[in-house]
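Enquirer: Have a look at this one before I ask anything.
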Amino acid sequence: MQMGLDFNLVEELVAGVDEVGRGPLCGAVVTAAVILDPRRPILGLNDSKKLTEAKRDALFDEIREKALSFCIARAEVEEIDRLNILQATMLAMQRAVEGLHITPKLALIDGNRCPKLAVPAAPVVKGDSQVPAIAAASILAKVTRDREMSEFELIYPGYGIGGHKGYPTPVHLEALARLGPTPIHRRSFAPVRAAWEAREGHSNTLI
């Protein structure tokens, strides 16, 4: 169902921008910007969180094939810890828009804030359920980040990262307390900081 999407917004060079990964305790925040081609409609677009993994994967390939322009960008863990998650997200969104090979007339940003851009921009609350280009951006960002988390599952076993994607689930928090943070954990986030300090304190006690 696409009842909330306004396909009139596909008629102009409108870029949709969205992010995935503000809430997790580990990994980058990933963003995407997409300019859809009104001559090549993509059926089934919706907020990525409302789609099955198989549907997201299929749309991921179709969006990349049919969009006039798209860019997937990111802010790394180091940037999140240095800037804070909000500013890092704004930076990643800025990178996504600047990475488009076509300059949009307007950038519509999912949420209630806009990054600093060289083009006109407007926030759209729940835009991934209303604006097709934002829905497309949400799919590109989520599939990209989810695949990265599945790879990290192999590099850092024991945390369940491939399942919870870095979000603070009971399984993740228990593993964090038991195993300590990995290099991909965000030490500016309270649960990670607490786990790090607990292990540091334990090490000092042993010394």
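Any Cβ shown, glycine's included, is placed from N, Cα and C.
Note that the coordinates shown come from a computational prediction; the quantities given were computed from them, not determined experimentally.
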Enquirer: Looking at the divalent metal cation binding annotation from Swiss-Prot, with ASP18, GLU19 already listed, which candidate in ASP81, ASP110 is the matching residue?
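Expert: When Swiss-Prot describes the divalent metal cation site, the candidate it includes is ASP110.
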Enquirer: For each of the binding-site residues (ASP18, ASP110), count the other CB atoms lying within 10 A of its CB, then report the residue with the highest count.
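Expert: Within the set of binding-site residues, the most crowded position is ASP18.
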